[in-house]
Structures are given as C-alpha cells and as structure tokens.
Amino acid sequence: MSFRRGVVRQSKFRHVFAQAWKAEQCLDDVRVSRVTWDGPLCAVNPKFIAVIIEAGGGGAFLVVPISKSGRIDQSCPTVCGHAAPVLDVQWCPHDDNIIASASEDCTVKVWQIPDGGLTTPMTDAIVTLEGHSKRVGILAWHPCAFNILLTAGCDNVVCVWNVGTGELVYQLVDAHPDLIYSVSWNKDGSAVCTVCKDKALRIIDPRRGTVLKVREKVHDGTRPMRAVFLTDGKILTTGFSRMSERQLALWDTKDLSEPMAVQEMDTSNGVLLPFYDPDTNMVYLCGKGDCTIRYFEVTDELPYVHFLSLYSSKEPQRGAGFLCKRGVDVNKCEIARFYKLHERKVEPISMTVPRKSDLFQGDLYPDTAGPEPALLADEWIAGQDAPPLLVSLSRGYAAPPSKHRDTLRSKPKLSSQDSGAGGATTAATVAVPSTTTPTSATKEAEEETPQPQVTTRETDGNTERPRREDEMLSELLAEMKALRAVVLAQNQRIELLERQLARIEDGDV
C-alpha cells in the first residue's frame, strides 16, 4: 500500500513505531467497565486520565493525574454521581479540569476535577443535563466554541447544550430513524457528521436543524459503524462489508456518490474506533477486543489512505484513550499516545518518529489547537464560526495567560441550575476551577502569573493584604461584568422568542 509505480512513497511518518511503556509506568488494578457499549471507555488530557470502571449500584469513573502509575487502591475516590452505568466520558477541550459523563440513567453530568485529582468521592456534578428519554452514549464537545456540548442517546435524538447556562439550545428529533452510532464535529464546528443503524452517513447543520447531505449504505454490513470529520472536510468511516470484513472508507463531502478509497482489513467482529490526529493527518484504528492498533496517513495522492504500520501485543484491548497533542513529549519525537485498557490495567503506548537530532522537530509539530476557545457559546449560537486557536509546541506546552481569563472564569456561573428542577443555586464555574476552592485557585495563580507568589498568610500586612484585596476586587468586578453580559444575552434571546411567539399567534408563520 505504500508503493506506487515501483517508487517508495515519501512521508516523514513512514517509520512511525509504537512502543508500550514499562510495567511500572502502567496503572494496575483498574476494574475497567464491562458495559456492553462500543465506546472507548477512556478519556485523556494533559492533566488527567479518566476510565469508566465497574461500580455496584450505579455508575462511576476513575480520574487520576496523568503522571500517576502503579497500583490503584480499591479505596481510591471516584466520580460516582450517576444512578446507572456510565457509557461515555469526554474532557472539555477548553479546560483540562472539566469532564462530561453520559449514562444509562438518561442524564449527562458535567464535573469539575480539582488540580491534583480527587481526595474524596465526587457525587455532586456542577451541571446535570436532562433532555433524553433513553440512555445517553455519545458526547462531543464543540472544538472551538466555549461550553457547547453535543449529546446523542438511544432515543435517536441529538441535543446541543450551552453548559454555562444548562440550557438545551438545539434538539434534532427527526433526523435519525434508528440508533446513532457516532457523531463528529468538523474543524470549525459548523456541522457534524453522524452514522446510524440505518447504514446512512449524514452531514447536519445543528443550528438550523437540517440534514445537509445523506449517503445511504456507507458500509453494507449490519455491525456498528463510526465516522470522523477530517481537517480538509473529508469524512473517514469504519464499518463492515456484506461478508463481515472490516472496512475503512474515505468520502469527499462534495460528492458522496462514491467513496474516494475503500480498504478491507480482516474478518474480526470488533468495532473499529477511529482516532484522528489533525496535525499529522494520521488515523489510528483500535478494534474492541483486538490485540492490534493500525495506523494510516491520509493524503491528496492516490490511493489517499496509506497504511503505515501495525502495533501488536498479546493482550486484547477493552478500550483506549487518545491524548491530545498538547500532552505528548516533543523532546522524544512522540507524535501520539494511547492509553490501552486491559481487563485490569491501563497501559500507555507511545507513537514515535525516529530522529537523530535532539532539536525541536518543527515539521512533526505544526501549531496545534490550544485550550483557548475561539468563540463564546452565545457567539456560536448567534451564527458565528471560527477555526480553533492554535498554540506552538516548540518549547513544550505550557498554558499561557489568557486575555479572556476573567471572562472565562465568570461566564459559565450558573444562577439556578439544579438537576432539572431548577431549585438550588450553583456557585461553581464550568470552565475554570472555582475560586471557592483555595488550593485550586492558588495553584492556578502560580501557573498563570509570572510575578512572585502571593500567599494568603498575613505575614506582612503592609504588602500582601492590599495586594490580595486588589486581586479579590478585580475578580469581583470581572465577574460582575461577565454576569451582566450573560443577563443581556439572555434578555435578547427572550425578546427574540417573544417576537417569534407573537408571529405564530398572529398567523404569520
């Protein structure tokens, strides 16, 4: 597959090799969930690893710092606020402390993990989203807009939420006649692609609630499929042929009549989970129950999808977590990292490009999507689109001070969001660790400000106390400003809805 016209295809990723970490660097005694759901069961970001685990009498997932290794004690605290098994977890791309979870209890919950990990079991979510009538198995954060979360459930309904207000902003009820297998945002978050049990691939504008394009029978087999948007707008799908052979297909969204490329692999029955790296345009395929990870490069030259290599091990994988580019080790030319789930172990696997030089390899690490959102939720809801804001990895990744940090700190404060009833108030932020947690706030201040550390101990009342009061005053003013913006935005939305209602009552619609 890497040969054309007798000449070796030139690619800097032809010699990417995978290597599992040493046994002492793995996580042991992790009771990985046995739930019958074809999801990855794991989510990773530069700070934490989250793994859905077995739990009696409800649903739970484990969250530990990414640097942790060794045995996980059975008394280790978990996130255990769901009333039924958890099916999916996803970290917010714009805050490494925020994670969403979907469950068989028909709810989606959003949690704020303190820096350093959990010290006690976490049962109270900062937001509970209730809009599905059956179990929820798919989560997808918007890649560019702040606090926008898409969910899909076994009720065949797609919901789009503003997590900052707990509001259901869009709902697609009639777009899918059967079970939804996967959902993927495009690069700027203006559209999503979905695959369904009816074997159709759909491209949907969630804000207009319209299906833009449909391709029937993407794969002829009856087993579950997956689809992922690529950076250039193409779509890559995995599925099964009529003879139950596993397939990989590439589609041009401008013309879905025929696939650009189709590759058949084997006759295993495990669902192929695609993990896409937009920086290298590589796709990694992890099959549930497989002992292998295949990886491909997608290019503009025939046959478009080029097989690179295959990582094989003795133990089958129950699931896998894919670390975003901000978390890889650029000093070792690591371009991707997986966290492979065994029955009772989590094993890191590094994908590395062999290079002799110790210098930063700029061709391997183009600027990548950073944690700063390109849009606020209200801007995206109003119809704006923007590509992700990029950061450089030339000196390794470190979160820069944000010019919108105060806005981000205060924007998602909730006034009366409870688990559907709307009674109790919530004072936690959704996108940045809450200022009500002294340890998180102190650590955040240490990381983001280059000035000498300001502690709360009153060892010198002439200097430290006024500085602390100034910080608190600035924080309160920024919070008031952000809350005022939220109120104004909601007033505008109310006025718009009232005008629409008036038109309906007058018979204009």
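Backbone N, Cα and C atoms are what each Cβ position is placed from, and that goes for glycine too.
Note: TrEMBL annotation is automatic and uncurated.
Taking TrEMBL as the reference, the stretch among 60-87, 284-311, 480-507 described by the feature coiled coil is residues 480-507. Within its own chain, the repeat 'WD' (173-214) has Cβ neighbours under 8 Å at 38, 138, 140, 142-145, 148, 150, 152-154, 156-158, 160, 220, 224-229, 231, 233, 235, 237, 239, 251, 253, 256, 278, 380-381, 383, 385-388, counting only residues six or more beyond its boundaries. Taken residue by residue, the repeat 'WD' (129-171) breaks down under DSSP into 0 helix, 25 strand, 18 coil.
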